Amino acid sequence: MKSDIEIAQSVALQPITDIVKKVGIDGDDIELYGKYKAKLSFEKMKAVEANEPGKLILVTAINPTPAGEGKSTMSIGLADALNQMGKKTMLALREPSLGPVMGIKGGAAGGGYAQVLPMEDINLHFTGDMHAITTANNALSALIDNHLQQGNDLGIDPRRIIWKRVLDLNDRALRQVIVGLGSPVNGVPREDGFDITVASEIMAILCLATDLKDLKKRLADIVVAYTYDRKPVYVRDLKVEGALTLILKDAIKPNLVQTIYGTPALIHGGPFANIAHGCNSVLATSTALRLADYTVTEAGFGADLGAEKFLNIKVPNLPKAPDAIVIVATLRALKMHGGVAKSDLAAENCEAVRLGFANLKRHVENMRQFKVPVVVAINEFVADTEAEIATLKALCEEIKVPVELASVWANGAEGGIALAKTVVRVIDQEAADYKRLYSDEDTLEEKVINIVTQIYDGKAVQFGPKAKTQLKQFAEFGWDKLPVCMAKTQYSFSDNPSLLGAPTDFDITIREFVPKTGAGFIVGLTGDVMTMPGLPKVPAAMAMDVAENGTALGLF
């Protein structure tokens, strides 16, 4: 079979002006970035606000293998299948970070015959959103350092600046740096560091803001440092929220592209789900809901991370909760959770599927806690055997969860028809009655304990010395009513990435809390989650090139 980029480059793209007409968007409603990309205007988003929202389908997954389980591919294939069935459908997905594209992924626009296009542009600079977020973030860093240099009227303690610089690349050498070295004219020397752009609070803010006014308010509410007497310093104290909003005035507009089958797609924002809330923008999802009868969206990594955050953090900012949740599972991942070594995953092993099913079963049970109907999608791989597929289907039937095999990677929309029919049937027959896991009035401690015991199935939560102190401080600052966003490994329910399957009787340790008051949540740090990834021994970048005619090579 052709590579992803070969398939993408073989497709005759339709002008984006034609694609968007399918959902009632005119040429005057968009701002073109070439022939095949556009941004949606504020005027159009405002005009559709009164529309009744359509059905919302959330795609999530089991705890993934390092290669991922195909959520984006499944989301795209499902949307294409729904459109093939005559349902007016839109996609609402995250945009890729250049760091993982150059590092391990090599691309993140779907795969096979379930891709969003133009995939080369989407995977590289797209419409410049990532650069705008990077610029806004680093402008704030420069303004903080300038405040120190120009007399430090706010009394900022340089040792307690928590705002870091960012870069949209994987660069481990920048995790910890010292800035301001040299003569006094170069600034105040202090420790600093870089995160990857998608870990920036500004990325989370962009994805949760409902309009420019809300964006400006959220930017003003960012905590950047503490004073010498340990009081928080906000962006509003620096009086630069207007400038940051100005930098982001176009980046906040959702991007319009198309799938291989011509399904309109809104691709906007891309926070990671292991260190942030892992969902595309509220503006993109809300607008898609008001333009289409069905909206398909995804949440990053497994349901214990992205879906939990979607349901507890994002949904309160949306016009409605999901009508159905699709959990993507692969037999290779289930076998890995069942104890099979990565090198042996291609061999048939029904017993390992049975053992690994405990992971999928827990995710199904977790999503059912939110009172939303669940469907399991088996993402088919070439090495899957009939016996393994039959084993998994039988196990799903035992817990009374609908299950369908989907081959959208190999067969595109046709490979997702059975799944699409089941999802539509479930939505029609089972009304969602969304219930949040916790209340805003719960303390931070109670929220963390709820997530750990009810979603991870952990025994208890251990709060480290710093976290214990912060629980008291954050309550004093009035931050204890915010939602919790757990920073945790994506590979396990626990904070130990090697503890696969469905572990029980484990503790989760919260070593520190990080206030993201602009985004509107508090991050709980567990384990050793990195906010600036490194590159692998053989980065995907080594296979990339460009032909003399400008055609991209090596993206996959």
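Quick reminder: no glycine exception, Cβ is built from N, Cα and C everywhere.
Sequence-distant neighbours of Gly68 (ATP binding site) (same chain, 6+ apart, CB under 8 A from its CB) are Lys105. Annotated ATP binding site per Swiss-Prot: Thr65, Pro66, Ala67, Gly68, Glu69, Gly70, Lys71, Ser72, in sequence order.
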Among the binding-site residues Pro66, Gly70, which residue has the fewest other Cβ atoms within 10 Å of its own Cβ?
Pro66
Residues near Glu69 (ATP binding site) in space but at least six apart in sequence (CB under 8 A):
Ala61, Ile62, Val328, Ala329, Thr330, Ala333, Asn379
Relative to the Cβ of Ser72 (ATP binding site), which residues of the same chain, six or more apart in sequence, are found under 8 Å away?
Leu93, Ala108, Ala109, Gly110, Gly111, Glu298
Among all the protein chains here, how many other CB atoms are within 10 A of the CB of Lys71 (ATP binding site)?
25
With Cβ-Cβ distance below 8 Å and at least 6 positions apart along the chain, what are the contacts of Thr65 (ATP binding site)? List them in sequence order.
Thr330, Arg332, Ala333, Met336, Lys342
